[in-house]
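Colleague: Here Swiss-Prot flags 1-89 as domain 'PTS EIIB type-1', drawing on sequence analysis. According to Swiss-Prot, the feature active site, phosphocysteine intermediate maps to 28, an assignment based on sequence analysis. Annotation comment: Swiss-Prot describes 123-487 as domain 'PTS EIIC type-1', evidence class sequence analysis. If you look up Swiss-Prot, you'll see 125-145, 167-187, 193-213, 227-247, 265-285, 311-331, 344-364, 378-398, 403-423, 450-470 marked as transmembrane segment.
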């Protein structure tokens, strides 16, 4: 697949109505997220034919172009450079067609319902957590390899090699560093995402990191142990931080409205912090604690129910398609706090296994030298490594039935992981977020050690592969080998 460069982005801009049609450009891990002024200007057929474009997703407030991991950020950076350097063209007289488009857009905006508002809220989580994901993956890999090395070379050894001990300790220290101060990073991103100043969010989040016990032997003592008679208990973890940062952004905007412009820099942040500190100590910390505990309890019990895990794994790709899968991230934090590992992630990762199995079934059924086989050859290796977009948007989703059987294959893998947990052996990721597919193997762990976690996860993938393959072979591979678009591509 071609590398993302200025030429590719120029083609994308042309297909979406040129630079003047782009109001805002951002990205998540796999998608270019655009806010367009007029979505009717998009040439979807031309857009889908551009190299690297795996698919498009339309929502009320965003036009998303699926590019895959490692490409979306580069694409957003190049596009923003082009947008900043482009000169706005003179606005011509509004035509009847243009006025009709404006009317249509206004009508669409007026029809937005609560579902749309919830979707917008959840998509902001991509802005909060996406910049942190490379760090999660990095510390997870280092911790996984360190634990693996520790169990092979040190555990049970009376006099372990000093150099190995130092190496293992060094590889583990990054995980401790990140998770010790992760709340501050999340507070910064959250307040910024919801329209406030990132630094205020970081300062508010730091209140959840500080210690309020003068006799504590660890942590950073804050200098106070009570707040006007209220005992301070910095619980609630990430849920409390998110609530505080989101509310803090709203408070900051309200304060800014009443502060004169010449005093904005001096007073707005100070007043915001004073208000939010009091609210955090009295209300958010206790409330966040209850919400965090409730969420942990719910998903711990759901993760141990095979039918519940089957539903989660089977529906996860739909959440990915609609861009609301980042809403699971606070749950990941809750499970890390409660269990010491993320037991939901391997369940959801089974969805990708079902896609791989379905694609292999289509490959078997497809004619030799067909375009479908060529598409699968290019997408199957990334799929095995946890990059599912090429398979989803290039192979299964356009043909509908294989996508459904792939989801059912993922559900079978989720059922297996849930059944093993129900029998007393839950497994999970050793970090909040990480890669899926085979790449996630070294990051798996359990209460019985890393090897057991890796074995259960690998077995779950095999179940998902086989189930997706068999279900697609029987129910999802009839009369779907060649799409009209494929025929056109072959003629060209």
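Quick reminder: no glycine exception, Cβ is built from N, Cα and C everywhere.
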Colleague: Kindly report the helix/strand/coil residue split of the domain 'PTS EIIB type-1' (1-89) according to DSSP, in that order.
Modeller: 35 helix, 20 strand, 34 coil
Colleague: Considering only the recorded stretches 193-213, 227-247, 403-423, 450-470, state which has the highest number of Cβ pairs under 8 Å to the transmembrane segment (311-331).
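Modeller: Comparing 193-213, 227-247, 403-423, 450-470: 403-423 has the most Cβ pairs near the transmembrane segment (311-331).
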Colleague: For the domain 'PTS EIIC type-1' (123-487), what's the model's average pLDDT?
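Modeller: Per the prediction, mean pLDDT sits at 86 for the domain 'PTS EIIC type-1' (123-487).
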Colleague: Cβ pairs under 8 Å with the transmembrane segment (167-187): which stretch of 125-145, 193-213, 227-247, 450-470 has the most?
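Modeller: Between the candidates 125-145, 193-213, 227-247, 450-470, the best contact partner of the transmembrane segment (167-187) is 125-145.
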Colleague: Take the transmembrane segment (265-285) and find every residue of the same chain, 6 or more past its ends, with a Cβ under 8 Å from one of its Cβ atoms.
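Modeller: Apart from its flanks, the transmembrane segment (265-285) reaches 196-197, 199-200, 203-204, 207-208, 227, 230, 232-236, 240, 243-244, 247-248, 251-252, 255-256, 259.
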Colleague: Which stretch from 125-145, 193-213, 227-247, 378-398, 450-470 shares the most C-beta pairs under 8 Å with the transmembrane segment (344-364)?
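Modeller: The stretch with the most close Cβ contacts to the transmembrane segment (344-364) is 450-470.
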Colleague: With a Cβ cut-off under 8 Å, give me the same-chain residues at least six positions beyond the ends of the transmembrane segment (403-423) that come close to it.
Modeller: 303-318, 343, 346-348, 350-355, 357-359, 361, 392, 396-397, 456-457, 459-461, 463-469, 471-472, 475-476
Colleague: Please work out the number of neighbouring Cβ atoms within 10 Å of the Cβ of residue 28 (active site, phosphocysteine intermediate), leaving out its own Cβ.
Modeller: 23
